[in-house]
């Protein structure tokens with residue numbers, strides 16, 4: 001015990017995903033493709049929105065920031081995870097662990113409130129169409145983007161500071177593939193109940209607050225859509241929200257499973273599997289959800305490809 005108290009942890013080791021070499025190959029190739037698709041999809045969405053003037057409206061302003069957050073959150077985790085797959089000692093420094101958690105937490109919380117901002121935007125567009133340009137001014141849109149980043153920063157600073165000022169003087173093997181809060185706290189040489197309660201309370205408050213904004217917005221949207229007489233009008237109105245609802249359901253369901261349910265319900269190993277979904281898969285899915293189910297994005301893609309094709313054809317002729 002004396003040796004445990006005198007040892008200060010300067011680095012952590014990850015257990016990783018699997019020790020089977022054949023599975024490692026499969027996982028590496030799978031998540032390399034997922035990561036490349038994430039970067040291609042999200043950066044492509046940002047470039048498309050920037051280049052196509054018809055997409056210079058609030059809805060796509062928020063979507064470009066969502067794509068930026070997805071690309072960043074995936075880049076915080078995936079490169080390190082991929083480089084560790086074939087390595088026996090999956091090591092990260094104490095400071096590196098704190099930075100990884102800090103950045104990832106920032107982007108996850110920001111994404112939750114960006115989705116809330118997008119829900120409010122859809123509410124105004126469908127329920128108050130005549131006042132849309134007045135309400136969703138450039139100033140309001142900027143505020144609805146700065147707000148999520150600010151809330152994410154505050155939440156992250158609280159959790160990172162409270163977790164990494166604890167003494168770590170014993171085991172330094174994290175049962176995970178990245179520095180998530182609960183696996184790190186399990187290694188602390190102090191009582192972590194306060195930290196776990198803080199995580200549960202803040203995750204609950206932030207989740208409920210952003211969730212209420214989304215829920216109330218969609219209740220009003222649903223009421224308005226049901227008042228539309230034509231079936232075609234109802235279908236068009238709902239189609240503008242379906243992509244957003246899909247993204248919200250996937251993200252909130254996964255985060256609730258990890259952070260809000262009682263910690264004793266499932267093991268850290270199950271958390272690890274679920275974490276793969278929201279660290280790697282969700283950032284990849286969002287741009288495809290919004291592009292495949294959105295006519296304006298598909299039309300913008302077609303216009304971009306046609307423009308590029310025409311330019312290349314002109315160059316060949318000239």
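Cβ coordinates come from backbone N, Cα and C, glycine included.
As annotated in Swiss-Prot, transmembrane segment covers the listed stretch 238-258 rather than the other ranges in 175-195, 238-258. When Swiss-Prot is compared with the stretches 55-75, 76-96, the one noted as transmembrane segment is 55-75. Relative to the membrane, residue 97 and residue 167 occupy the same side according to Swiss-Prot. Among the listed disulfide-bonded residues, namely 97, 189, the Cβ with the most fellow Cβ atoms inside 10 Å is that of 97. If one looks beyond the topological domain 'Cytoplasmic' (121-133) by at least 6 residues along the same chain, the residues whose Cβ comes under 8 Å of a Cβ in the stretch are 58-59, 62, 144, 217-218, 220-221, 224-225, 237, 240-241, 244. Here the transmembrane segment (26-46) sits apart from the transmembrane segment (100-120); fewer than 3 CB pairs are under 8 Å, leaving out pairs fewer than 6 apart in sequence.
Assigned with DSSP, the residues of the topological domain 'Extracellular' (155-196) fall into helix, strand and coil as follows: 19 helix, 2 strand, 21 coil.
Where the transmembrane segment (272-292) meets the stretches 100-120, 134-154, 197-217, 238-258, the count of C-beta pairs under 8 angstroms peaks at 238-258.
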